[in-house]
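What follows is a structure written as structure tokens; I'll ask about it next.
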Amino acid sequence: MSENQQAIQHIVSMEDLTTEQVLKLIKRGIEFKQGEKLVYQDQHLVSNLFFEDSTRTHKSFEVAELKLGLDMVDFDAKTSSVNKGETLYDTILTMSALGVEVCVIRHSQEDYYRQLIASPTITASLINGGDGSGQHPSQSLLDLMTIYEEFGHFEGLKIAITGDLNHSRVAKSNMQILKRLGAELFFAGPEEWRSQEFADYGNFVTIDEIIDQVDVMMFLRVQHERHESGTSFSKEDYHAKHGLTQERYERLKEKAILMHPAPVNRDVEIADHLVEAPKSRIVKQMTNGVFVRMAILEAVLAARKAQ
Ligand code: CP
């Protein structure tokens with residue numbers, strides 16, 4: 001039995017996790033990556049309910065579930081009774097009534113999980129795969145795992161998060177936990193995409209002021225689908241002012257890494273040829289997603305067993 005095994009009832013927000021729980025989840029993810037085996041012998045039904053599009057989160061939860069020997073109950077929002085007006089609450093209530101133990105949910109409504117957790121009839125455990133512009137805890141945990149593998153600590157690291165801050169559940173999840181873990185944070189990107197909430201966690205800068213000082217340069221996707229009136233600049237303008245160009249890449253410190261939750265808008269946030277450059281950890285982030293999600297599923301199932 002590993003000291004990093006633990007029981008957590010729901011994993012919906014980084015704010016709800018203690019620092020100890022976070023560190024154990026990433027260390028458990030590293031154990032799985034290093035070859036630790038866990039295959040459940042009893043049947044456990046898990047359903048991945050994605051009401052917003054996803055490649056990485058959805059498929060890496062599936063891979064994690066396959067590796068753990070869990071049984072997946074297929075759900076496709078496009079062919080479900082959602083199209084007859086069924087609410088999210090009633091969909092999850094139904095899954096729970098069918099015996100699904102864990103629901104991994106992505107939904108556009110911020111904080112959707114609070115109402116579900118409060119329900120006395122919904123017995124399924126919840127894992128938040130992203131709620132609107134709210135939280136994305138499994139992405140945050142895989143980002144932390146990637147940083148921890150690189151540096152072995154968080155205290156004192158200089159980390160810049162740049163891009164579409166207001167719309168980014170990745171930025172919000174990461175800024176909260178990274179500050180708690182002792183990192184020094186900077187925020188860059190267009191001024192119209194910043195709100196005051198970020199000022200509580202770090203300093204606003206331009207990419208050119210900070211790029212040669214940071215240990216981690218974290219780029220965010222421009223979320224065109226959440227910009228109701230479109231963006232006020234071309235992709236070429238954005239790239240020139242805020243993106244990772246070859247010139248900026250060359251200013252990164254020798255040991256600095258660049259990260260992006262992906263999907264990357266190539267030649268917008270990051271020049272096409274730099275997405276897989278030596279300092280990029282973007283592919284590693286995707287790989288780590290499988291292992292940290294195994295740790296998340298294990299913790300949630302352990303909490304059910306303990307009940
Ligand atoms: N990073 C991330 O959440 O990617 P997907 O939207 O493809 O899941």
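Using N, Cα and C of the backbone, Cβ positions are placed for all residues, glycine too.
Predicted automatically and left uncurated, TrEMBL annotations should be read as such.
Look at TrEMBL and you will find 9-149 tagged as domain 'Aspartate/ornithine carbamoyltransferase carbamoyl-P binding'. Annotation source TrEMBL lists carbamoyl phosphate binding site at Arg56, Thr57, Arg106, His136, Gln139, Ala262, Pro263. Feature annotation from TrEMBL assigns L-aspartate binding site to Lys84, Arg169, Arg221. If you look up TrEMBL, you'll see 155-299 marked as domain 'Aspartate/ornithine carbamoyltransferase Asp/Orn-binding'.
On this model, are these features tucked inside or out on the surface, and what's nearby?
According to DSSP, the domain 'Aspartate/ornithine carbamoyltransferase carbamoyl-P binding' (9-149) comprises 67 helix, 22 strand, 52 coil.
In sequence order, Phe50, Arg106, Gly129, Gly130, His136, Ser138, Gln139, Gly289 are the residues of the chain that are 6 or more apart from Thr57 (carbamoyl phosphate binding site) and have a CB within less than 8 Å of its CB.
Within the same chain, residues at least six positions away from Arg221 (L-aspartate binding site) with a Cβ under 8 Å of its Cβ are Gly163, Asp164, Ser168, His260, Pro261, Ala262, Pro263, Val264, Asn265, Glu269. DSSP assigns Arg221 (L-aspartate binding site) to coil, not to a helix or a strand.
For the domain 'Aspartate/ornithine carbamoyltransferase Asp/Orn-binding' (155-299), the model's pLDDT averages out at 94.
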Considering all pairs of residues in Lys84, Arg169, Arg221, annotated in the record as contacting L-aspartate, what is the maximal C-alpha distance expressed in whole angstrom?
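Among the residues the record ties to L-aspartate, max Cα distance equals 33 Å.
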Work out how many Å separate Lys84 (L-aspartate binding site) and Arg56 (carbamoyl phosphate binding site) at their Cα atoms, rounded off.
28
Given a separation of at least six residues and a C-beta threshold under 8 Å, show me what packs close to Arg169 (L-aspartate binding site) in the same chain.
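Looking at Cβ-Cβ distances below 8 Å from Arg169 (L-aspartate binding site), excluding near sequence neighbours, one finds Gly130, Asp131, Gly132, Ser133, Gly134, Gln135, His136, Gln139.
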Around Ala262 (carbamoyl phosphate binding site), how many other CB atoms lie within 10 A of its CB?
19
Which one, from the binding-site residues Arg56, Lys84, His136, has the smallest tally of other C-beta atoms lying within 10 Å of its C-beta?
Lys84
